[in-house]
Amino acid sequence: MSAAEGPLVVGVDTSTQSTKALVVDAATGEVVASGQAPHTVTSGTGRESDPRQWWDALCEALRQCGEPAHEAAAVSIGGQQHGLVTLDDRGEPVRPALLWNDVRSAPQARRLVEELGGAKVWADRTGSVPAASFTVTKWAWLAEHEPAAVRATRAVRLPHDYLTERLTGQGTTDRGDASGTGWWASGSEAYDEEILARVGLDPALLPRVVGPGEVAGTVRDSHDLPFSKGTLVAAGTGDNAAAALGLGLHPGTPVMSLGTSGTVYAVSRRRPADPTGTVAGFADARGDWLPLACTLNCTLAVDRVAALLGLDREAVEPGTGVTLLPYLDGERTPDLPNASGLLHGLRHDTTAGQLLQAAYDGAVHALLGALDRVLDKDADPSAPLLLIGGGARGTAWQQTVRRLSGRPVRIPEAKELVALGAAAQAAGLLTGEDPAAVARRWDTARGPVLDAVRRDEETLARISGVLSDAAPLLERSPESRQGR
Ligand SMILES: Nc1ncnc2c1ncn2[C@@H]1O[C@H](COP(=O)(O)OP(=O)(O)O)[C@@H](O)[C@H]1O
Ligand SMILES: O=C(CO)[C@@H](O)[C@H](O)COP(=O)(O)O
C-alpha cells in the first residue's frame, strides 16, 4: 500500500505526441507516480494516428506508474480535441483517426459554413465557425473521399471517448469535447440534428453526453490494465478543458498553452459566439464556457526552425527587422489553412539566432492577436497570464510571451496540467467536489510570476504588417504554384 493520505486517482492526457498518466493522491494532489509513451502521427498534408496506438500508449504509461496505479479508485481521460475516430461493428477503427491538425478538410469547412447560412449562423448555433480542425468537416471530407469508410462506420468517437469506451464498454463523451465537433448546439446543449443530417451522420452513431460530475461507467475488465474491475471512470474531456480544470481556473484568468498546438483561453460565464471564427466557443467540463483560439504551429514549428538552423532551441538573439511567420502546417489562427512558412526582412547581418527569435515571435504573435477576443470585456488586463504546456519550460518561450504580451506571466510548477485536470475530475467523483475546487485545494497553479515588461508594440505591428501584406501568398499553398 502507498503512504498516500487519501484515495489514489489516475488522470490521463492522450495528446497529439504522447500519452501521459499520473497517479495522484486525491487528498493532497501529490503526484505519486507517472508514465509517458509516445504516439506516431503521419506527416505530409494529412495528420493521422491509429487509435489502437493510443490504447497501447495508455497501457504502457500506466505500466510505468507501477504499483500505485493498481490502487486507483477512479480514473479519467483528457485528450486532444476534434479527432475523428470511426469504429466498425466490432469496435475496431475503420481507418486511422483524422487529427485536429489535419487541414485537408478546409474546402469542406468553407462549404459547410456557406451552406448553413454563413459564419454568424454557425457561431450562434454551435458557438464556433468550423475550420478544418472541427470533426464535422473531417466527416464531410471522409464522406467525399472515402465513402466506403463512412458506410463501414458504426460509431463515431473523439480521441478521449475512444479510450474511455475501451475502459468502460460504454460510448460516452462530455460537453467540453462535444463542443469541438461542430455538431453540438451550444444553446440547447444537444446534438444538432440538422447539421448531422446535412453531413449524413446518423445521431445513433454518436456517444451519450455525460453531464459534469456524472460517472461515465466502470472499468469492465482488468485485461492489460492495472485497474480492478468496477473502478470508477469519469467523463473525461478535451485537453484544453482538462487543463482548465487542472488549473482550477476562475473566470477571466487567461491561459496560454504551448504544445503541438498553441492555445489561449479563459473560463467565461457567457456562452461565446464569435462570428469572425477566431475564437471557438467551447464548453468547459463543468457547466461554464471556454472561449479559445488555437494555432497549428507552436512548439514543433519553432523546434523545426531551430533544427534547420542547427541551433539549440534556446539559442535566440534579439533581432530588429526580420519577420518569420512559422505557418509550416498551414494555419488556423489566422485562418490560412493553405499557408506555409514565410520569411521577410533578411539582411547580410541577420544572425541565425535572430531568425530563431523571429520564429518564436511569429508563433506568439498569432496567439496574442486572439487573446483580447478570448477575454470578456471586463477581464482585468493586468492579471497574470498562466503559461502551460511543454513550451512553458523553455526560457525563450517565457521571455517571448512576456515581452510581446506586456503582462505578468505565471508559470505553474505542475507540469502535466491536462492529466492533473483529469485526475481532479476523477477525484471529484469520489468526494462529490467540483473538480476545479479540487485543483485549487491541490494548489496546482502555484508557480513563479515573471513581472510585466513594456509590451514590444513595434515587433507586434511589424508582424501584423507583413501578415496583411503577404495575404495573397499565404492564402495559396506553395504546391499549387508549382507549374504555373
Ligand atoms: N524545456 C523545454 N523548452 C522548450 N520546449 C519544450 C521543452 N520541453 C518540451 N518542449 C516542447 O514541448 C512540446 C510538447 O509539449 P506538450 O504540451 O507535451 O505537447 P502535446 O500535449 O501537444 O503533445 C514539444 O514539442 C517540445 O518542443
Ligand atoms: O485543436 C485544438 C484545440 O481546439 C488543440 O489544442 C488540440 O486539442 C490538440 O492539443 P495538443 O495535443 O497540442 O495538446
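Backbone N, Cα and C atoms are what each Cβ position is placed from, and that goes for glycine too.
The following features are taken from TrEMBL:
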DOMAIN    9-246  domain 'Carbohydrate kinase FGGY N-terminal'
SITE      ASP13  site 'Important for activity'
BINDING   GLN81, HIS82  substrate binding site
ACT_SITE  ASP239  active site, proton acceptor
DOMAIN    311-427  domain 'Carbohydrate kinase FGGY C-terminal'
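Rounded to a whole number, the C-alpha distance linking the residue listed as 'active site, proton acceptor' with ASP13 (site 'Important for activity') is 7 angstrom. Counting in whole angstrom, ASP13 (site 'Important for activity') lies 11 from GLN81 (substrate binding site) by their C-alpha atoms. The DSSP breakdown of the domain 'Carbohydrate kinase FGGY C-terminal' (311-427) into helical (H, G, I), extended (E, B) and coil residues amounts to 49 helix, 16 strand, 52 coil.
Secondary structure at GLN81 (substrate binding site), taken from DSSP and collapsed to helix, strand or coil, is coil.
Mean pLDDT of the predicted structure over the domain 'Carbohydrate kinase FGGY C-terminal' (311-427): 96.
The DSSP secondary structure for ASP239 (active site, proton acceptor) is helix. Note on ASP239 (active site, proton acceptor): other Cβ atoms within 10 Å of its Cβ, all shown chains, come to 32. Mapped onto three states, the DSSP output places ASP13 (site 'Important for activity') in strand.
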